[in-house]
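What follows is a short report on a single structure.
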């Protein structure tokens, strides 16, 4: 397919190469201006604003008093979803739970740093969190699974899902099934900027939360940015992105198959096949039409927009080292290492949020059922952030305990440093003044 973007990295100058790293980063300032009146309306009007915006923005008819999913709606969801899909949701949740249980930190640890002086950490769950589950380009029970399971494992006492309603005012049935199987029992029918505002400020129905996590549209991202001083907005998760890295040991047709996984998400996604093998690159190009013939019309449209645009296609490198360098510069959300010897490449990759190794580990498995979390940092934030985890739902407190035997030595050194930095009350608190109180 000659219209698929093909980038020979060795022929590009620094500016052209840098342009390949750009994502679909919307001008948030435009959206911030748009979300401000929405946020203010929700703050001032509560439920009435949510119902109005559901009608105006989501084209959904949510009845007054119907913003929270009822028990009857939860029960009905299991009848609406095919049994094999319910089974697969349960299978995925089981694996996600097994993986995330390993992340749960011990409640407290203490280290004796000096005889009689102890320092450590204590972990407690965040009191309340909101989980954002988008609906813009489809239904995503998988996002419900990925956000709900670690929150439940962390022991968060108040967990609520916010998700845009459908036109009849209901919530996607599979999303409700996933919520119930994961252990979440509160779901609110609101999405977009209005949902972020609702969980930040609270309404008559929606309880306020201390943190919100989950991917969303530019409207959601802008609302999170605007409300970041009110509610913790979690890791930056924007439009989906992936690199399929293939060496010369795999078929280019397989690389093309996996390239389309990310490209079909939407026209704002980013997806590259990176290889130093021209044979693999050409085979991938040749295989794309056959793969497109097996996709729905909408997903073909989405993936073609990505692969023929500025944020997708094939990147041919001069060597393996050049491939590694490009991948680390790009810092992808998802990285597949397509190779018969994937572990030989792993040590060269330092900047990727998710690394899936070998021809039997496509992104599809990780998105749904493998276990690692699929809510991941995008837009090169993999350089400083990691995947959503149990630790995103707990907070850490430092703990210190000093015995009477250890106190004098620590006090002596602390007193010297307090005096040097000019803090007289600090110094007094570990001086003979304290000794007199302790003795008396």
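Here the Cβ of each residue, glycine as well, is placed from N, Cα and C on the backbone.
What Swiss-Prot says about this one:
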BINDING   265, 426  Zn(2+) binding site
ACT_SITE  333  active site, proton acceptor
ACT_SITE  334  active site, proton acceptor
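DSSP assigns residue 426 (Zn(2+) binding site) to a helical segment in the three-state reduction. Residues within less than 8 Å, Cβ to Cβ, of residue 334 (active site, proton acceptor) and separated from it by at least 6 positions along the same chain comprise 240, 241, 242, 243, 262, 352, 353, 354, 356, 363, 366, 376. The binding-site residues under consideration are 265, 426. Their Cβ neighbour counts within 10 Å are lowest for 426. The Cβ of residue 333 (active site, proton acceptor) lies under 8 Å from the Cβ of 240, 241, 242, 353, 354, 376, 377, 378, 382, each of these being in the same chain and 6 or more residues away along the sequence. In this structure, residue 265 (Zn(2+) binding site) belongs to neither helix nor strand by DSSP; it is coil. Secondary structure at residue 334 (active site, proton acceptor), as computed by DSSP, is strand.
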